Amino acid sequence: MQSTAPHRPPQPSRLALYLDLIRWSRPAGWLLLLWPTLSALWIAAGGFPGWHLLAVFTLGTILMRSAGCCVNDVADRDFDRHVKRTAQRPVTSGAVSVREALGVGAVLALVSFGLVLTTNAATIAWSLPALAVTIAYPFAKRFVSMPQAVLGVAFSMGIPMAFTAVGGAVPMLAAWLVLGNLCWVLAYDTEYAMVDRDDDLKIGMKTSAITLGRHDVPAVMAFYLAFVALWAWALAPFGLGWPLHAVLAAMLLQVAWHWRLIRHRTREGCFRAFTGNHWLGFTLFAGIVAGFALR
């Protein structure tokens, strides 16, 4: 006699849940953080920075972004259950407890700090405010009308750290690169916020998409153009030649493509624009690498 008990799908392992927690299958997030960090590392070193620093900043970027996901999901768990896109995240659904998520985040942050300890005192010092901003960002969405600016600071901390790791100090050049990167984060994370705008309005979440209102698309385009212009201006003295010029042209074409994706403000178009942003960062990084190699 066959059992009539309903079939239950196999439950995911703890490892699978932790990988989902840190968005392991969705690398676009850490790539957005990685490309400007590596670009700054190449600029600071005047070319290839060596395998040690390349490994430290690549692994550190992935680890800290993953730790940030843990903190973010704990902080947003009561909001995420009301948003279609985030309702099934491990912490929100109860598959991973708050204590577990914070534990995973702490381990990842400690491993990342261990990597920083192999650099120098200045870089270690800069890692502390970097950690503080990473923790603060999820809570900024409750109080700041443009929390994407706080994320922009968090996602730009690798730039001064790259300069201190190479030269022990942060030149004025790094400030211009940070400002440009901040504009880029404002552009792509506003696209991201446009995806969830209807849900965020219902639950009282503050985002740049809500703050900008009907000016969101022009503002995103202005942020993109400011990003390209600031990095082009900062890189001009290095004489990177045709690779940089070609890359800047390619970046402007990508910006135009983003306008086509978001101009009607559809969820699908805005999300596609956001997830495709890592190609913009990779394009810039590739131009910088080629420019220094051929200089």
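Positions of Cβ are set from backbone N, Cα and C atoms, glycine also.
Residues annotated as transmembrane segment in Swiss-Prot, with sequence analysis given as evidence: 28-48 (among others).
Listed by sequence, the residues of this chain that lie at least six past the ends of the transmembrane segment (51-71) yet keep a Cβ under 8 A from its Cβ atoms are 21-24, 29-30, 33-34, 37-38, 41, 45, 101-102, 104-106, 108-109, 111-112, 115-116, 118-119, 130-131, 134-135, 137-138, 154, 158, 161-162, 165-166. If you look up Swiss-Prot, you'll see 51-71 (among others) marked as transmembrane segment.
What Swiss-Prot lists as transmembrane segment is 101-121 (among others), and the listing cites sequence analysis. With a threshold of 8 Å between CB atoms, the same-chain residues lying at least 6 positions outside the transmembrane segment (101-121) that come near it are 18, 21-22, 52-53, 55-56, 59-60, 63-64, 66-71, 73-74, 90-91, 127, 131, 161, 164-165, 168.
Here Swiss-Prot flags 124-144 (among others) as transmembrane segment. Residues of the same chain lying 6 or more positions beyond the ends of the transmembrane segment (124-144) and with a Cβ under 8 Å from any Cβ of it are 64, 67-68, 71-72, 74-76, 109, 113, 116-117, 150-151, 153-154, 157-158, 160-161, 164, 170, 205-207.
Feature annotation from Swiss-Prot assigns transmembrane segment to 159-179 (among others).
Annotation source Swiss-Prot lists transmembrane segment at 220-240 (among others).
For the transmembrane segment (242-262), same-chain residues at least 6 beyond its ends with a Cβ under 8 Å from one of its own Cβ atoms are 187, 191, 194, 217, 220-221, 224-225, 228, 232, 235, 269-270, 272-273, 276-277, 279-280, 283-284, 286-288, 290-291, 294. Residues annotated as transmembrane segment in Swiss-Prot: 242-262 (among others).
Residues or ranges marked as transmembrane segment by Swiss-Prot on the basis of sequence analysis: 274-294 (among others).
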